[in-house]
């Protein structure tokens, strides 16, 4: 194995350039290094002005999402060896405006977050101590609670790239996380936004979101499952009097 | 003149981890206009990395559990140096905070009959940690974050603006607190994204900035943990206590080098994992200290029976408090019985079936598979101690979380006292909920009571701007911030680490003094927009200040206790238990003062056996205890004691 490997990093410094450029950094090729280790080596030793987000180094904070050799991935979980002999192309996440270098603007997600009402909608006061919820009831929605808001699914989603209003994979999965929670009674309230044009029906079920998800949340599965549910509800609302829907 | 964005708030919360978000929720619920300042993106704070769970004596797993047992465990874990009142409030209020979190929507693992499941952890008498697999911190942060979003919807309905009563300032770092006329007046900082400056004027500020781990080379902490709140508090005139006590978590990854220090949750041991040296020996049985002898198993057979029959067997020594386990690992490695990468083995593969491991420890499985190419259902993990948590922090009033400076509050890791000399696992997530709520509540009251709000004078503000811009002004010709940071981490790792000695501590103070001068000369290239070198340059003086506190206090305290081990003073000394070392700033230098610990109320004291107290207290204190006990006996026995502390104690040890 060679001693070094080249990172081809997309740079964008709006204070000095109008267009993104590419800068190559030669870094040690270490078997145990992730791309994040490589970037930190660059920042600490070669170029202290390179900007990127990171935090936990263990795939739980969801800060270091970027495009590596064309795929949306977490830099802390992407090993240099899997991209050997390089060069390794490192770019910002797609589908988001770039602030500087590998740092992208993510406010769209936070702005849309309230639309899916990600909290317990209760129709009665909460218990004095705890709810009762059986393990099987937890299993119904636990998968959808694993989301780390890393935005890889948005970067992977071809629909989000074209339709900025699309709620997007993670938010629909989050809506399902509450819809399927036995303590929640908000599914009717969430129906309107989810079945609106910018909700589930925008999704063309390419499935890229689930392939990109580092936590196995399977947003594509959540969307597909909800499409069925929404269709049933629509039929019911046409056929049945309100009380029996 | 540099442009400065200005805001006015009732309560400003610095830090967006568990304590900060819980404080902000409480201040907003009290009707205060509240700002949350988040150094990283909203929802990415360090709390997200917490794995094991939140300790709360709900009694779901064992009905013998109650707040008194939890209180006792916490005091024992901290080797009786804890602020007793904080430990008491924490033990009493943790269950309510967990149940309340559930009403916000939190998911917890459940017992078969649908109650919140509780897991075993080091130093806890009963299974006590509410958890979600091994990603409890993520659930806690997400739930609090989404609670705040839901409050913003209510505010929109009432006022037409989502941010009218609670607003999050993401990727914003505070560099100065302002004190005018002896009380808090505001905070100053910059947006990471634009590099623009921002001033928050507020009568009440809550520090919830977490810890200091980035001063160390091997740490489980992320880049935010640079002791900002600790240093801001001192510069504002507040005091820090217990700064000599750092928790080195016994199980951090040691291989590969790039992930060295990353946490391996204590749940691995709680769920049956054991520690072995290179000879295959389960060595923890050799390291049970006298103070814990009665509570821990002496044979592997008894220890193994405990997992299924905890009422009739004693706990495995792998579940001793973290300081004990970290020291034991350190000794084994030093004696030449370590692994090739310089750690020891943590083995759950040979102890539990693969399905069990995958169900209970999914993140650990993933972490080792992805980062180390190790399958923990088939192979042992290689682990070693990593700097994890600072027990020391801002000296606060236990009930109100108020610091010495009027208007300043602190909660969570940045506050001191709750955990004494060593924190039990699981007591951090509960700590930040309990005291986050209290800090928010009392900060709101403080804002109410402050009728006259003081302005920050222009000259003060200009000085803050000048300080912040200085590293950019010096440019690349100055000292490189990454180089200086690396040297600081090396000094702390090598000279103020797990095992400490006078000569090395003295040397560290010299080295820190040199680094302090070099930090003044740090320069960075580039501009103000998302410039990580500039950000680090501004964090350095905070790391230096807290490192100086730790080194000075560690040199002063001539005993070994909890997260402070002196090779030259290996024993616990009852006289030192009565002393807190209080740090403050005098000019640029850290000043150390000795201060007596508050005396525990006698009815709390009587929750312990005399024999156990004798291991910690001075003869004088024991005589007082005996005299008080006689008084109680004369006036009708122990029933009055139980009544005084709130009901019968079923969980006697």
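Yeah, the Cβs are placed from backbone N, Cα and C, and that goes for glycine too.
A TrEMBL annotation is a machine prediction, not a hand-curated record.
For B:10-429, the entry in TrEMBL reads domain 'FAD-dependent oxidoreductase 2 FAD-binding'. Here the domain 'FAD-dependent oxidoreductase 2 FAD-binding' (B:10-429) returns a mean pLDDT of 94 for the predicted model.
What TrEMBL records for B:15-20, B:38-53, B:228, B:388, B:413, B:428-429 is FAD binding site. Taken residue by residue with DSSP, residue B:52 (FAD binding site) is part of neither helix nor strand, so it is coil. Taking Cβ-Cβ distances under 8 Å and a sequence separation of 6 or more, the neighbours of residue B:52 (FAD binding site) in its chain are B:119, B:121, B:129, B:131, B:134, B:136, B:265, B:266, B:267, B:270, B:425, B:426.
Annotation note: residue B:322 (active site, proton acceptor) sits in a helical segment as assigned by DSSP. Under a cutoff of 8 A between CB atoms, and with a sequence separation of 6+ in the same chain, the neighbours of residue B:322 (active site, proton acceptor) are B:122, B:123, B:247, B:248, B:249, B:250, B:266, B:388, B:422, B:423, B:424, B:425. As annotated by TrEMBL, active site, proton acceptor applies to B:322.
The region 'Disordered' annotation in TrEMBL covers B:633-653.
With a threshold of 8 Å between Cβ atoms, the binding-site residues B:19, B:44, B:48 that neighbour chain A are B:44, B:48. In this view, the densest Cβ surroundings among the binding-site residues B:19, B:48 belong to B:19, judged by other Cβ atoms lying within 10 Å. The number of other CB atoms found within 10 A of the CB of residue B:44 (FAD binding site), across every protein chain shown, is 30.
Around residue B:40 (FAD binding site), the same-chain residues six or more apart in sequence whose CB sits under 8 Å from its CB are B:16, B:170, B:171, B:224, listed in sequence order. Within 10 Å of the C-beta atom of residue B:15 (FAD binding site) sit 33 other C-beta atoms, taking all shown protein chains into account. Taking a C-beta cut-off of under 8 Å and a sequence gap of six or more, residue B:413 (FAD binding site) has these contacts in its own chain: B:19, B:210, B:211, B:389, B:390, B:393, B:428, B:432.
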